[in-house]
């Protein structure tokens, strides 16, 4: 099967078309802007898979309709999914703009005095607004000299933020969400909304019953050699934790081995269903070898599977991590309980950062008073205003233990292409695998147990669907916090000490849902959330605007908010602008 090519970024150098001196004097400067933009993006950005982002520059500067059409023909043949138009001068607005309504687009107008790049920028954006094709504006804060070929820091920030979000849009388009199973325990996010995926994300939904997973396991529709490798890897790296089950529910060594084997097989088969596996074709299983072109998936599990078969915790935790028995690799996106909306938040975070995502229940708000009452100790530092306990039954990416280290030696979660094998091993060493609690999971399983290191910046997100409004996005930037061991042990034991825990302190603003930690918890729109490494809420906001998903809750600084220029025409309050603009333009892939 031919591998699908990655989307590219097209660079469109536009120019004043008047000959006899004007165009000729601008050719080199204009094309150099395009080359500098392409060089910046190719140097600084990677796709979520780790490949360098490739830029395609128009063959000539664009002065009018003919050259614009020639550029479009080139871009169409090279899978350009995002465009950036650059110019240092006046050009002919509507004659030179990118008119593709589905492609994210930005215009960088050079801030110089010799030629009016800013005037073209304003004229072109006016044309975009009038035609209903939103575009992002890039204009440097400070005037540059005409021969200054550098890219100012503020321009670079906008170029890269736009490019990251635009590539996420282009990368999701045409892919599928694999819904493995149906609705889990009445969780609304697992009532998979096909229209949402099709109209807002440009994706399809592949619905597959869990009996297909059972068939693949029972009929050995997998690579049997790889299974042996996976078992040997687990034998080497898995540390087993406390079994809290009553004696009558504890499994012996043979039974536990069978549960481990099936859990690893689930990981292999779900992966194969998502992306395919040529090894299956070698066994004569050509149809199964193709997979479903899924960029994200969800597994229902509870309860129709888990009441008799091992749960999905081990499979999901390993798939969501940046490593397994094959070494370090790109993490998959697999949502627990088939919560497709949390899966979309995971997908957004992965596409923007290239990192693994931590799926969690937004479980408990612990106030300072409650913590002191229960433990006899006060919360201090970033935790002083209270904390949110993020914990689920063990499907969180193991990267979430934060045993990886950044350049300064701080705990973090790296993009998979930066992870060393010893860092992957450290994440495994920090994880215990605890037998699943029988009352929850009658078919057994193993839950990963780890504690996220403190002081790590995170962004928590969630997509919700509101009837009559459509999808909305929630964003809460904050930090993981480290509690004294005795305090952690007491609080953790009140929920389930065999599950992975992150203690999260959102950054407070003193206003609205971020007036205090309680309000963050109270305003969260569902029982699940996603942790993405870093304070990357601004990137989520830009991506959401491209998809026409309004942001209903965030604590991102106003100076970092970057949306299409037309949003400014939808009122003076920036959050109201977002709602009105998203309603006005409708979903990106209108249905």
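Glycine too: its Cβ is placed from the backbone N, Cα and C atoms.
Keep in mind the model is a prediction, meaning the values are calculated, not measured.
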Given Swiss-Prot lists 337, 361 for Mn(2+), the same-site residue among 194, 488, 528, 535: 528
Non-site residues, in chain order, whose CB comes within 8 A of the mean position of the CB atoms of 337, 361, 528 at Mn(2+): 187, 189, 336, 339, 342, 359, 360, 392, 526, 527
For residue 361 (Mn(2+) binding site), the three-state class that DSSP assigns: strand
Spatial neighbours of residue 337 (Mn(2+) binding site) that are distant in sequence (at least 6 apart) but have CB under 8 A: 184, 185, 187, 189, 190, 298, 299, 300, 301, 302, 528
Cβ neighbour count (within 10 Å, all chains shown) around residue 528 (Mn(2+) binding site): 25
Residues near residue 361 (Mn(2+) binding site) in space but at least six apart in sequence (CB under 8 A): 390, 391, 392, 527, 528
